[in-house]
Amino acid sequence: MRSITALFFLFCFLAPSALAQLRTGFYSRSCPRAESIVASVVANRFRSDKSITAAFLRMQFHDCFVRGCDASLLIDPRPGRPSEKSTGPNASVRGYEIIDEAKRQLEAACPRTVSCADIVTLATRDSVALAGGPRFSVPTGRRDGLRSNPNDVNLPGPTIPVSASIQLFAAQGMNTNDMVTLIGGGHSVGVAHCSLFQDRLSDRAMEPSLKSSLRRKCSSPNDPTTFLDQKTSFTVDNAIYGEIRRQRGILRIDQNLGLDRSTSGIVSGYASSNTLFRKRFAEALVKMGTIKVLTGRSGEIRRNCRVFNN
């Protein structure tokens, strides 16, 4: 109950324009089963593929940090009309078929009512809970964007300095605490290819036994993957922060969160309290989900998440 209350007060401090028509239970009358339909689709896939939590966390981050949470990432490229989806780091985002299935069922139940942007938000929230993370309410009422341009994509890489990452998050209305929470929480269930952390394999700021293990794995020419959280790889919890404190962060940005004076205290706080992490992670996800949203008459409600209506 306390976490729900905290989230209620969080809504009150978010940008008024974002909250003007976003609210918890937005579809309670227009499509009463909306949230349960999305939850069912996500749960069905989670039973056979627990990695979808990482996929959805990445999908929502990549969507919201490019022109806001408007499902512009979901638009398929066409001949002569490229989109965000196939550009740079977005090329490896996955989970679109789960969004498609949720949309198909929602269109059958409530045609042209539930936005693709809300489906992404709900699916991410539900997958986090399934992976042992916090359960929380999210406001809905987003509309889908009318633009998906690869030139808009400017997402951080795994070697971004902490100071630059702080600036990038600040440009989206997110503070340093939000940044540490979302990066660590998102990476608590993710994987990375060796090519993304080759620079760490000669880094003195990596625990020696982990470094040796990764060097052996990454000697393969097939660019294998490894879990970013070596301790609880499929659970959304605070374990990754403890790993970072023990110099076992895989990506440079992860480890640097524990070394930089502006973020190390936050890492230590989360490492010592999963309760604190769970509360802050729920709050940060809700806050990220309000970045530059379209509401009211702006945008559209897509019939198919992969294409604009016109």
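Cβ from N, Cα, C; glycine included.
Marked as active site, proton acceptor by Swiss-Prot: HIS62. The number of other CB atoms found within 10 A of the CB of HIS62 (active site, proton acceptor), across every protein chain shown, is 20. A helical conformation is recorded for HIS62 (active site, proton acceptor) in the three-state DSSP classification.
The Ca(2+) 1 binding site annotation in Swiss-Prot covers ASP63, VAL66, GLY68, ASP70, SER72. Of all Cβ atoms in the shown protein chains, 28 besides its own fall within 10 Å of the Cβ of ASP63 (Ca(2+) 1 binding site).
For PRO156 (substrate binding site), other Cβ atoms within 10 Å of its Cβ number 17. Here Swiss-Prot flags PRO156 as substrate binding site.
The feature heme b binding site is assigned by Swiss-Prot to HIS187. In the three-state DSSP assignment, the secondary structure recorded for HIS187 (heme b binding site) is helix.
As annotated by Swiss-Prot, Ca(2+) 2 binding site applies to SER188, ASP229, THR232, ASP237. Cβ environment of THR232 (Ca(2+) 2 binding site): SER188, ALA239 lie under 8 Å away, each six or more residues apart in the same chain.
For CYS110 (disulfide bond), the number of other Cβ atoms no farther than 10 Å from its own Cβ, over all displayed protein chains, is 16. Annotation source Swiss-Prot lists disulfide bond at CYS31-CYS110 (among others), citing sequence analysis.
Sequence-distant contacts of CYS69 (disulfide bond), defined by Cβ-Cβ distance under 8 angstroms and a gap of at least six in the same chain, are GLN60, ASP63, ALA117, VAL120, THR121, ARG142, MET288, GLY289, THR290, ILE291, LYS292, VAL293. Annotation comment: Swiss-Prot describes CYS64-CYS69 (among others) as disulfide bond.
Sequence annotations record features per position, and here Swiss-Prot assigns disulfide bond to CYS116-CYS305 (among others). CYS305 (disulfide bond) falls within neither a helix nor a strand when secondary structure is assigned with DSSP, and so counts as coil. Counting only residues at least six positions away in the same chain, the Cβ atoms of ALA71, LEU74, TYR96, ILE99, ASP100, LYS103, CYS116, ILE119, ASP144 sit under 8 Å from the Cβ of CYS305 (disulfide bond).
Look at CYS218 (disulfide bond): DSSP puts it in coil. Per Swiss-Prot, disulfide bond is recorded for CYS194-CYS218 (among others).
Look at Swiss-Prot and you will find 1-20 tagged as signal peptide.
Contacts of ARG58 (site 'Transition state stabilizer') defined by a Cβ separation under 8 A and a same-chain sequence distance of 6+ are given as VAL93, GLY186, GLY190, in order along the sequence. Taken from Swiss-Prot, the feature site 'Transition state stabilizer' covers ARG58, and the record attributes it to sequence analysis.
The Cβ of HIS187 (heme b binding site) has 26 other Cβ atoms within 10 Å, all protein chains considered. Residue pair ASP70 (Ca(2+) 1 binding site) / CYS218 (disulfide bond) shows a Cα separation of 37 Å. Counting other Cβ atoms within 10 Å of each Cβ, the recorded positions VAL66, CYS116, CYS194 show the lowest value at CYS194. When the recorded positions HIS62, VAL66, ASP237 are compared by Cα distance to CYS194 (disulfide bond), the shortest distance belongs to HIS62. Put plainly, the disulfide-bonded residues CYS31, CYS64, CYS218 were compared by Cβ crowding within 10 Å, and the winner is CYS64.
Long-range Cβ proximity for ASP237 (Ca(2+) 2 binding site), meaning a same-chain Cβ under 8 A and a gap of 6 or more residues, is found for GLY132, GLY133, SER188, ASN274, PHE277, ARG278.
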